[in-house]
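K.L.:
What TrEMBL records for this protein is below:
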- G113, Q114, T115, S116, T117, G118, K119, T120: ATP binding site (BINDING)
- 377-465: coiled coil (COILED)
- 33-361: domain 'Kinesin motor' (DOMAIN)
- 1-24: region 'Disordered' (REGION)
Amino acid sequence: MSFGSESGLERARKRRRSNETIMKNGEKEKEINIQVVVRCRGRIDREIAANSPVIIKTTPREIYVRQPPADKAYTFDRVYGPDADQARIFDHIVIPILHEVKAGYNCTLFAYGQTSTGKTYTMEGDLNTIDGLISKEAGIIPRTLFSLFRDLEADAQDFSVKVSYIELYNEDLKDLLSSVDDPRKLKIQDEGTKKGILTGHEEVLVKNANDGIRVLKQGSIKRHASQTNYNKNSSRSHSVFSITVHIKETMPDGEDLLKVGKLNLVDLAGSECIGRSGAENNRAKEAGNINKSLLTLGRCINALNERCLHIPFRESKLTRLLQDSLGGKTKTCIIATISPAKISYDETISTLDYAHRAKNIRNKPVANQRVTKKALIKEYISEIERLKMDLLATREKNGCFMTNESYQALMDENQSRKDEIEELRKVNESLMVQVQELRKDQVMLESLRNELANQYTKMQVYQAKIDDQISSLVTETEGHVNSQNQAISACQNIVKEKTDKEVRCLKEHKVMLNKIIEEENSKSIKMKEELLTNISKYLNNFTNVQTASLKNSFGKVYDSIKENTRLEANITALEGMMTSNTRYFNDLKEIAFKTGQKKLVDSQQNFQLKR
Ligand SMILES: Nc1ncnc2c1ncn2[C@@H]1O[C@H](COP(=O)(O)OP(=O)(O)OP(=O)(O)O)[C@@H](O)[C@H]1O
């Protein structure tokens, strides 16, 4: 979180100075639209298990809901997808609002959406701190408390912070049971047991962020306990955590100035009970689960949107409490939370339509008046003066007289009481109708009770019959079991006898088999010996015959070798003869050659001489 070099207080002072200028110039207070942002979380386990696909696509300012054949598109001041973590939401949305609160404005931040879309996650998130530090999952409230104290301790001379936590649930019942209009007048009660009563803490002074978180935790725990005890539908209650900041500034003339800013952080009930137009739908009606305050909030938004003269703020405790945040002097931001899954399509469209309508509401934020000590004293003095005048008038006229101013105030109060009586009368009427319906229900219940008693008696008779049948069945079954046991033991004896006999036979067989094996062994040894003798005889004969035949063959070979030797000698002699013949032949050839040469020379000489 970064505040830059300029301190928050300086910025606030500047803003105040510019505001004052506007007022001095006599310009009209500036109207601004309610800021509406949308936060779409990722799919949760239940949606993944249901195989429900993602149908939401976001850009920084647009949101598209897939709906074939064409997507539905919405534009908001800002859109956050599943990747936007708690720190980003706080930095973008809340820090600018905190500057306004410190500058003395009243601001309100609503979380609106279907159950389980992340309203409480966004507003509260993880409330645990580790070593005095908030967790990554901490939501807007703990982050606001820490940021506020850090800034005030750094910037402000003197300050005080008060917080309150109130809860509204089951608006219809609450209106009947509670006659208290101002939540600050309420006693702190055990919310877990008091059905439908507006509950909560009066304003408490807190010294640090952890004190503030403690107040929220107490309320939050009770809220969950009461929801579990009273109504399983966790989305039925609204919670409002308010932080009021008093900052004292000393002016250059030494005058002390008190600046007051307030921030309401509202976690609304689940919006699934509300129809698209803010009118109650059939499902909600059937379930008897109409959350009047949310319906009224929807109607107020519609009426403000259409610039109606009458806005039904007074029709529910929530809208009465937040009247100033809608079309009043407060700066307001709505965070609409949605699921990305297809199964939530209807509720998502309903939430986006609702949020889109809220975008058109215009507020005229005005900073709370800074009060000086002098002004406070002056105010008290004039009040005392007025009271003195009333007293004097009363004494002098010896009756009940008062100033015009007091008379007017009394008349206003009287009118307001009359309005309230009228409201109570209407409530009373609807109560009477409900009482009559309850009586009818009671008569029906009585006849049902009698019917049940008859059925119970019949059941008892039937039960006795069944008991008899069961006991005779048990006896019969026992008889069967005994006879079966006897049969089993007889079978066991027979089996034992047969087994013994079989064992005996097997033993005898074993002895016999051993004897046969011995006999067969000795026979085979004898046969083996005879076979060996025969084989050796045969081998001897074979050896003798082979030896004789070999001798014969060797003789023949020897003879042929001898013959060969003789032939070789003859061949050698022949070779000698051939050699001498060859030599003789060569000599003859040479003589012939020489004789031929001489004849050729002579003939050549003869030829030349003739020429
Ligand atoms: N932006 C987010 N990121 C991660 N988890 C989220 C986010 N938003 C919601 N969740 C988870 O979704 C679940 C439902 O959220 P949560 O209880 O805040 O819904 P809700 O709108 O306050 O419901 P209800 O109306 O019943 O009180 C919780 O488990 C919460 O942790």
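Glycine is treated like the rest: Cβ placed from N, Cα and C.
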K.L.:
By a simple count, how many Cβ atoms lie within 10 Å of the Cβ of T115 (ATP binding site), its own Cβ left out?
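P.N.:
For T115 (ATP binding site), the 10 Å Cβ neighbour count is 17.
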K.L.:
Can you check what DSSP calls T117 (ATP binding site), collapsed to helix, strand or coil?
P.N.:
coil
K.L.:
Report the binding-site residues (Q114, T115, T117, T120) that meet this criterion: Cβ distance to the nearest atom of ligand 1 under 6 Å. Use sequence order and write none if nothing qualifies.
P.N.:
T115, T117, T120
K.L.:
State the count of C-beta atoms found within 10 angstroms of the C-beta of Q114 (ATP binding site), not counting that atom itself.
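P.N.:
Taking all protein chains shown, Q114 (ATP binding site) has 23 Cβ neighbours within 10 Å.
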K.L.:
Looking at the domain 'Kinesin motor' (33-361) alone, can you tell me the average pLDDT?
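P.N.:
Here the predicted model's pLDDT, averaged over the domain 'Kinesin motor' (33-361), is 79.
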K.L.:
Using a 10 Å radius around each Cβ and all protein chains in view, which of these binding-site residues has the most neighbours: G113, G118?
P.N.:
G113
K.L.:
Which has the fewest other Cβ atoms within 10 Å: T117, T120, the binding-site residues listed?
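P.N.:
Among the binding-site residues T117, T120, the sparsest Cβ neighbourhood within 10 Å belongs to T120.
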K.L.:
If we count other C-beta atoms within 10 Å, could you say which of the binding-site residues S116, K119 has the fewest?
P.N.:
S116
